[in-house]
Each structure stands twice: as C-alpha cells, then as structure tokens.
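Taking it in order: structure first as structure tokens, then the write-up.
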Amino acid sequence: MNIVILAAGTGKRMRSALPKVLHPLAGRPLLSHVIATARTLQPSRLVVVVGHGAEQVQAAVAAPDVQFAVQAEQLGTGHAVRQALPLLDPAQPTLVLYGDVPLTRASTLRRLVDAARDGSYGILTVTLDDPTGYGRIVRDAAGFVTRIVEQKDASPEQLKIAEINTGIIITPTGQLAMWLGALKNENAQGEYYLTDVVELAIEAGFDVVTSQPDDEWETLGVNSKAQLAELERIHQRNVADALLVDGVTLADPARVDVRGTLRCGRDVSIDVNCVFEGNVTLADNVTIGPNCVIRNASVGTGTRIDAFTHIDGAELGANTVIGPYARLRPGAQLADEAHVGNFVEVKNAVIGHGSKANHLTYIGDADIGARVNIGAGTITCNYDGANKFRTVIEDDVFVGSDTQLVAPVRVGRGVTIAAGTTIWKDVAEGVLALNEKTQTAKSGYVRPVKKKS
C-alpha cells in the first residue's frame, strides 16, 4: 500500500511563521503524529507532499522511509496528490491522509483499507450532530454513494444530511492517476479538489465504499490555535483515560500532560499539573507531587517526588526522595534510598546508596559514595571557565554546611569536613578536614545608626 500525507498548506489562520503541520501536539509536530500512525500500517511507499515551508517540514520529519513530493503552487488537494504520483507504486492502492489531522486511530484506517480491499474506492466518513461547513455524502435509494456535495452547493434537502466527507480516501493508484488528470478547476478558488474524484470513480463504474471512525474527534483537523488547543485537550484526556484504566491514580485527569511516552507500574500516583516529556518510566509505588516536570527519566520503585521538582535525563533508584523544588539535570544518577531535597541541583553526578543532600546545594560532575551527608550550602566547584572537573567523595563522608570542593579533588572514606571549609586538595581517609580560622570578639563596638530624615 502507498500512503500519501498532504502537508503543503500555508495555515494562514494559525497566524504563525511556523508551517501549520509543525505546530506541536503533545510535544510533537502534528505531522509526526500522522506519520507515526501511517507507519503502523506498514506501507511500501510513504510520501509527504510539502509546499509552504517545505525545507523546514522536510528537516523536521526526515527519515529513511519517508519520501517527499513538492507542491510549489497551492492549487488544491487534487493537485497536491498529483505531485506524489511519480513516487507511488501503481500496482498498490493509495491511502490519502492529512498532516493536520493527527488523531485518527490506526484501527480506523485499517477498517477503511479492509472495506476497499477488493479494489473499491473507499471514503472515511463521519456522522455529525452539526455538519455545517462540511461536504455531504449523497447516497441513492439503495444506500450507494453517488457524490459529495459541498455546503455552498447543497440543496435544502442535502443540507439535512449528517454524514460528511473527512477527505481521507483509499483508491486504486492506476485509476487515481487518470482521475486526477481529468480534474477541472472550475470553481471560485480555481483549485483542483480531491473530493471531485469520487464522481469520476462512480462514472467509471467503481463501487464507492465507506467506513466510519469510533469517535468523531478522530477526523478533526487543525486550522487555528483554538482548534489546536481543542485537540490537545482531547489527546491528553485520551492519555489520562488510558492511564486510569492501567491503574494509575490521577488527582485530576484534566491536569496532567504527557508529551511523549509515559510507562507506569502498579500503584503509581500523580498529583495535579504534572508534565511528562520524552520517554519516562515510573516503577511500582512511585508518588509524584504537584507541579512537577519530568523528562526522559526512569524512576525506581517506591520513590517519592515532591512538589515543583524538575527532572531531566536522570536515573533514580528505588525508594529515593526528591524535592520539593529540586532539579535533576542530565546525567544525574541516584542510587537506592538517596535523598535530594529542596533547592538542590544535581548535574552529571552519581549519588550513592543512602546518601543525602537535603537542601541548598549544587552537585555537578561528581561521584558520591554511599551514606554520605552533604550539608546545606555545599558546592562542587567544577568549572574553571573553560573545563569541567570531577569531585569524588567516597563512602561515609560527612560534609559540613557551606563547604566548597574545588575540583579536581578526592575526599577519602569516612572523612568529616567542618562547616565553612574550602577543599582544594585531596583528603586522606578518616580525618577531620577544616580551614583554621580565628574567631575574635571586640568590646566597645558601636553599630552605625541611620539618620532620621
């Protein structure tokens, strides 16, 4: 089977310099959703017709299995499909999809393909409570499709028809080439409409079969930011419903956003206003507090992530405790039972089993052993303005508050570092490390007093 995806439109109503099909839905371009669905049908040829912003669109979705045809002039959907013909296998049927209709299920498309498997011309239709503005499916007394009539051309009787054309079709490719060549642009827009092909198919004696989706939102397209927002909510609610079916507890299904893939174990709980991006895995009994952002991360069994925590590119072991207001950046690896508390930032660092950095700390480019306590205000000084260096803290080290570790530096097992110490040399095992300081008290000091105005 050939699949052609039309993605050449300008999208004027989006009021954006970004091509319409590249506007994001759940963190991915609209067109990427359509391509992903198309791939599940295993087409022999997958062709995307580009036009407005062609180079930008091609760069965004380029892949070995995707070919591109260019519609240099926007002369209608029929003209767009015509540009793809040289790239198609004429011996295989062609399914036509739209780059701005992202939510059509693969199962819906398979039903349409199956309905037209005998070489018929197939149309995906949908029945709407309010079909205003759409082309109506006109049938004869026996129920066979005779034509598609646009709203402006419909008679009062035809306007009562609730079944409308979605634009998604499957057709024999050899005949499609002939029908496209016979299209005329005798309309107000001067365009060649793909919908006109159905009458040519009927005139040629082809059966026209139809199929419908399970839900009408599967056929909704995007022509404005309002419609994009509507589809985003539909998609996110579908994702939330699937999570609920899988046993995930959502404090409010309307207030969780998944912009990628979220895999959850048993008894996972997610509070409100959480965003998941990229590939995220939550193991059994994970609890996520409100207002967290988690991107490309794996979270171990029994972990608790408190409110306002940001996690990006991190790996968390079992029974870790993170936040609130913590930030784990790419390369952060936390072993089982590690704690990273409020206003702690970890980047490209390993924190060992049971180690804790509970508040106000920066840990970057570091290897921290097991059972280490990092006091408040500790900083690994890892950057000299040009190069990054690592800090190594071995097992059972106690780091006092307001400590600076100037990398590259190693702190041996069992060391105690006094509060307010700057470490710039390696420290041997088991010692107390401190900077000698003298505390002085002076009598007779008078504090300055502000003058009254």
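All positions are counted from 1 along the displayed chain.
Yeah, the Cβs are placed from backbone N, Cα and C, and that goes for glycine too.
As annotated by Swiss-Prot, region 'Pyrophosphorylase' applies to 1-225, with the evidence given as sequence analysis. Annotated UDP-N-acetyl-alpha-D-glucosamine binding site per Swiss-Prot: 6-9, K20, Q71, 76-77, 98-100, G135, E150, N165, N223, R329, K347, Y362, N373, in sequence order, evidence recorded as sequence analysis. The Mg(2+) binding site annotation in Swiss-Prot covers D100, N223. The region 'Linker' feature in Swiss-Prot is assigned to 226-246; the stated evidence is sequence analysis. Annotated region 'N-acetyltransferase' per Swiss-Prot: 247-453, in sequence order, evidence recorded as sequence analysis. The active site, proton acceptor annotation in Swiss-Prot covers H359. Among the features that Swiss-Prot reports, acetyl-CoA binding site is placed at A376, N382, Y383, S401, A419.
Every protein chain shown contributes to the tally, and the Cβ of R329 (UDP-N-acetyl-alpha-D-glucosamine binding site) ends up with 16 other Cβ atoms within 10 Å. In this view, the densest Cβ surroundings among the binding-site residues G9, G76, G99 belong to G99, judged by other Cβ atoms lying within 10 Å.
Reported as a whole number, the C-alpha separation between N373 (UDP-N-acetyl-alpha-D-glucosamine binding site) and N382 (acetyl-CoA binding site) equals 19 Å.
Considering only the recorded positions L6, D100, H359, the residue whose Cα is spatially closest to the Cα of A376 (acetyl-CoA binding site) is H359. Looking at R329 (UDP-N-acetyl-alpha-D-glucosamine binding site) and N382 (acetyl-CoA binding site), their Cα atoms lie 15 Å from each other. Residues near A419 (acetyl-CoA binding site) in space but far in sequence (CB under 8 A, at least 6 apart, same chain), listed by position: G375, G400, S401, D402, T403. For the recorded positions D100, H359, N382, Y383, a Cα to Cα distance of within 10 angstroms from G9 (UDP-N-acetyl-alpha-D-glucosamine binding site) holds for D100. Figure note: comparing Cβ neighbours within 10 Å for the binding-site residues D100, E150, the maximum is reached by D100. When the recorded positions L6, G99, D100, N223, H359 are ranked by how far their Cα is from the Cα of Y383 (acetyl-CoA binding site), H359 comes first.
Taken together, the residues in the region 'Pyrophosphorylase' (1-225) have a mean pLDDT of 95 on the 0 to 100 scale. N223 (Mg(2+) binding site) sits 14 Å from L6 (UDP-N-acetyl-alpha-D-glucosamine binding site), counting Cα to Cα. Here H359 (active site, proton acceptor) is positioned 19 angstrom away from N382 (acetyl-CoA binding site), judged by their C-alpha atoms.
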